[in-house]
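Participant: Input: one structure, supplied below.
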Amino acid sequence: MPSALEGGKVDSIEGEKLGVDDSPIPDVDIDPEAERRLLKKLDWILLPLFTMIYCCNFIDRTSIGNARVAGLETDLGMTGFDLNIALTTFYIAYISADIPSNLLLKQWGSNWLAFLVLGFGAVSIGAAFVQNYAGLIVTRVFLGLAEGGTLSALVYIISRYYRRSELVLRVGIFFGTSPSIAGAFGGLLASGLLRVPDFGMVKTWRKIFLIEGIITTVFGLVLLLIVPEDPSKSKILNAAERKLALARIDADQVIKTQGKKEKTTLKLVLRSFNFITIACIICYIMVNMSFQGMSLFMPSVIRTQGNYTTIEVQLRTVPPYVASAFWVILNAWISARIKMRSVPLFCNALIMAVGYIISVTTKNSKARYAACFLIMMGASVCGPMIMTWGTDNAAPDTVRAVVTGAIPGFGAVGAILAVWTYAPTDAPDYRKGNLANLAAISAVCLLVVATAIYIWDENRKRGRGDRDGRLEGKTEKELADLGCYHPQFRYQI
């Protein structure tokens, strides 16, 4: 059988034997048809798998909102700000785990992701049996530690398979649609579980935690067998496909690394926190404050809009999530076509702002429900767009691992703020919370514009040679470690 790398050209990726080929990757002209087949295979394997992982993550995290409506606070004797404190402890643990988790993933491989899924599934099961408020706090801490590295791990792994130009659509599909699918499915599942007869001590809200936790844990066990490794040794690809996958990523880099990961150093970790990363973190905090707040408290907000039963409240949370799933895919596709992240990000931040203006200026229940659609749709796009923007502009591998951990990690500060923007004392209109989110989203609009101008100016300086001095006196390794600071690297606007 002819080689897939015959004559320096990748022209076939079919029929090769499975195995790890450590031979150097030659400079190749990548055949578009072979690349199209590889992309199709990666999309059909990675995207459904990663979507399922993040759906489980999101459902287990936000199920406490559905449990609250089903009587969690009453059964555990919670009053006042007790729920807000419990949610805050989760996010403190989440923040502390994110970057260390991603560095462990870089070192230990993708099985680390499977252990994270097993971890938060098991904790969710444990939450079904808590007997008091202290027990709930303990489960929220461990849930935060387990869930902290999941999103960053998914984005980091997928960035090892796709070019920068391809990343936004893929991240948009799994990251953007997962919360929407999970939010819709979580509401349907919660309403369905509440109809299931009680068994033993597992009643009402306990059934939500238990069944959702069991589903996640079983999936985590399966994931141990199927989780994709790095492209250089991935069992989902044959030998020729691995060479092609690595050649594609090398073609997208200023300095070719042939898929090898540089040593993690403090210098590279600190270098990750440049202007673009910090801007993305701040934007993510603001957007996350809105999205997490709406996800956790939308059932409570809907309850104030009419005389609904608990199950009717759960069901009315579904449509905004469904609309968001379609909206985020459309925006990710547009972003890929126009080769810009800042424009869709800015436009959807404006959509969120309109939603909050409606929430603040009217008490009409139908208008406020429509505002939920605008806010959820805009936030569903902004989150993935910020993650992709930061990842697009992060190199080398250590910097990418830190950035993909730092944005959702520090961005979880927004979730802590969300817990307190919808305080029980502000019910039923939640005017203060909506005003706070309106101010935050307005700040996002301004920061996106400022960051886009900065990137345009920096790329212009590199184009005219103003940054060429960075190459002087550098060894080959030091040049490779420059990554996004290399004069030939162009930031994605």
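Cβ coordinates are placed from backbone N, Cα and C, and glycine is handled just like the others.
From a predicted model like this one, the values you see are computed outputs, not experimental measurements.
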Participant: Kindly point out the range from 41-66, 171-196 that TrEMBL annotates with transmembrane segment.
Facilitator: 171-196
Participant: Is the count of Cβ pairs under 8 Å between the transmembrane segment (171-196) and the transmembrane segment (343-361), pairs 6 or more apart in sequence, 3 or more?
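Facilitator: Between the transmembrane segment (171-196) and the transmembrane segment (343-361), contact is absent.
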Participant: Among 112-131, 137-159, 208-227, 318-336, 367-389, which stretch has the highest count of C-beta pairs below 8 Å with the transmembrane segment (401-423)?
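Facilitator: Between the candidates 112-131, 137-159, 208-227, 318-336, 367-389, the best contact partner of the transmembrane segment (401-423) is 137-159.
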Participant: Look over the recorded stretches 137-159, 208-227, 318-336, 343-361 and say which has the most C-beta pairs under 8 A to the transmembrane segment (84-105).
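Facilitator: The listed stretch sharing the most Cβ pairs with the transmembrane segment (84-105) is 137-159.
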Participant: Rank 208-227, 318-336, 343-361, 435-456 by Cβ pairs under 8 Å to the transmembrane segment (268-287) and hand me the top one.
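Facilitator: Checked against 208-227, 318-336, 343-361, 435-456; highest Cβ contact count belongs to 435-456.
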Participant: Ranking 137-159, 318-336, 435-456 by Cβ pairs under 8 Å to the transmembrane segment (343-361), which is first?
Facilitator: 435-456
